[in-house]
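Below: one structure, written as structure tokens.
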Amino acid sequence: MEVISIFGPKHGSLISLHSSYNLFKVSKVTRFRRTLFPSNHAKVFRFKALTCDNQESNNMFKELPTSEWTHHFHSIQVDVSEMDAIRIEIDALKPKVKNILMSFQGIDSTKKRILMIYMLISLGLACQFEEEIYETLKEGFGKIEEMMANEEDLYTVSIIFWVFRRYGHYISSDFFRRFKGNDGNFKKSLIGDAKGMLSFYEAANMATTKDYILDEALSFTSSHLESLAANGACPPHMSRRIRNALNASQHWNMEMLVAVEYISFYEKEKDHNEMLLKFSKLNFKFLQLQYLQELKVLTKWYKEVDFVSKLPPYFRDRIVENHFFIQTLFVESQHSRARIMMAKYFILLVIQDDTLDRYASLPEAESLVNSLNRWAPDHAMDKQPDYLKFVFKFILDTFEEFEKELRPEGGSFGVCATIEEFKSLVKANLEAEKWALADNMPSFEEYIEVTGVGITAMTTLMGAMMCMGKIVPKEDYKWLKSRPKIIQALAIKGRLMNDMKGYKEDMSRGYAANAVTCYMKQYRVTEQEALKEFEKMVAVANKTVNEEFLTTMGVSRLVLKLAMGVGLMISITYSEDEGYTHPEGKIKEKMTTLFVDQIPL
């Protein structure tokens, strides 16, 4: 199999990439700080660097443990012949599964087809049948009223609702009113239906700001599912699936992690289809091997760039973790190049963030930002330390490599647009540092406006669009420039979840202004009261993201799907602590599942 081995570490002459499109104005100060957490293995370093004023500046930081993954995947061997053999088996099974999916006819058969689509999604096979799924849902949505008439099965109604919303069809939540009794509450007869209650819970996680009945459903299903899983009323494999869903709903979980769990669950179902089961295992195994190939390419590139010898140890060593988090954006086999590019793009984001936030003196930071704004070194850069010159050169060279890769297919526009957004990012980060040093405590609303409006959410989505190449039209970049509502909701979600996990460490580093402290001071509430309110705000942001995904017009579904992926990335990152800075624990478990653990074929 061929792996995209692009963008070698060629740090030669710099070129200037000028955009003929002035799409991105410099926004107000925006900040999506990656907070630092105490670590048992952290070491405190103090370095002295010569500033452009010929004054020494003390740089203190905590050295985080290096990633345990980089060396592992750099030395791993992938059996290409095994991939070829698996591909042959997949190609043989795919038409057989397609025949099953497309053989259903009529209204009831459309229901069965949608139920099978849900199974394909859960098994990680939906990407194999995108065209068939699209046609099925397009046809079925036109018959939705007829299809749902007289349907009293909670599982069926919930799955149909979930699948349509998954693919951007705004199906009404009023269909669930049939499951309420005369007292206005959900019928008690539903409680013992574990399969139906779980699907209803999953549907409730697709709620928009106007789906009030789904708010009731989420509370109703969550409490009863916990009891079902705990009291032994369900088979062990169903109890485990319920617990996994309560920890992370399918809507807010990574597709291939869901697939691993569902394959294990499905195998224990008495009525499982052996061919589907085998197909799903082969598909996961093939993708896993492809991911390992990509990681080998990335770790080779990372070692050749040689950050360790060229930078003080202030930066987060996370190239493999980058690839993991990118699974929220690109999971399909055909997006190998996009994953590799995006992992490198994340290195750019992290290096600039750690340099400005954790290490550089203010004069150094100003010189770096000024040079990046001009896309050429300023006079002060000549006097800066070697580490800063390396950071500047690395950023320009990497964007140059992106441009060289995408230019032949007409993707230069996306690179230029992303460069402009990157400039806005570093400017905003610099201004935020100045603001923090001024020891100013803003209002909560000002803090959210200044630090939340679209910086990492915006820059991440822009980079993902760039990595997709020419298939993303120019109009979508113009749409993103307008800071649409979905981006604002993602930014608020990320800002609040970030500060909820890291505000104590922010304060220990001298940053008094964060969402928690601003809210506590302004509204005179306790820490726990503030955190409880933030949880409510994050829930509203999630509903807004869901709503905008279903209702936004004038932009491709591809970009809206990428925006949903950014929201998922935020959820995964901050599900427990700050998973990017400290990927130990749950993130490590998930990475092991995706990259290391084997599914027996």
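Heads up, residue numbers simply count up from 1 along the chain you see.
Glycine is treated like the rest: Cβ placed from N, Cα and C.
What you are looking at is a predicted structure, and each value in this text was computed from that prediction instead of being measured.
The following features are taken from Swiss-Prot:
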BINDING   ASP353, ASP357  Mg(2+) 1 binding site
BINDING   ASP353, ASP357  Mg(2+) 2 binding site
MOTIF     353-357  motif 'DDXXD motif'
BINDING   ASN498, ASP506  Mg(2+) 3 binding site
Cβ neighbours of ASP357 (Mg(2+) 1 binding site) where a neighbour is any other Cβ within 10 Å
22
A correct count of other C-beta atoms within 10 Å of the C-beta of ASP506 (Mg(2+) 3 binding site) gives 21
ASP506 (Mg(2+) 3 binding site) to ASP353 (Mg(2+) 1 binding site): how many Å between their Cα atoms?
15
DSSP puts the residues of the motif 'DDXXD motif' (353-357) at 5 helix, 0 strand, 0 coil
If you measure ASP357 (Mg(2+) 1 binding site) to ASN498 (Mg(2+) 3 binding site) at Cα, how many Å is it?
15
ASP353 (Mg(2+) 1 binding site) and ASN498 (Mg(2+) 3 binding site), distance between Cα atoms, whole Å:
15
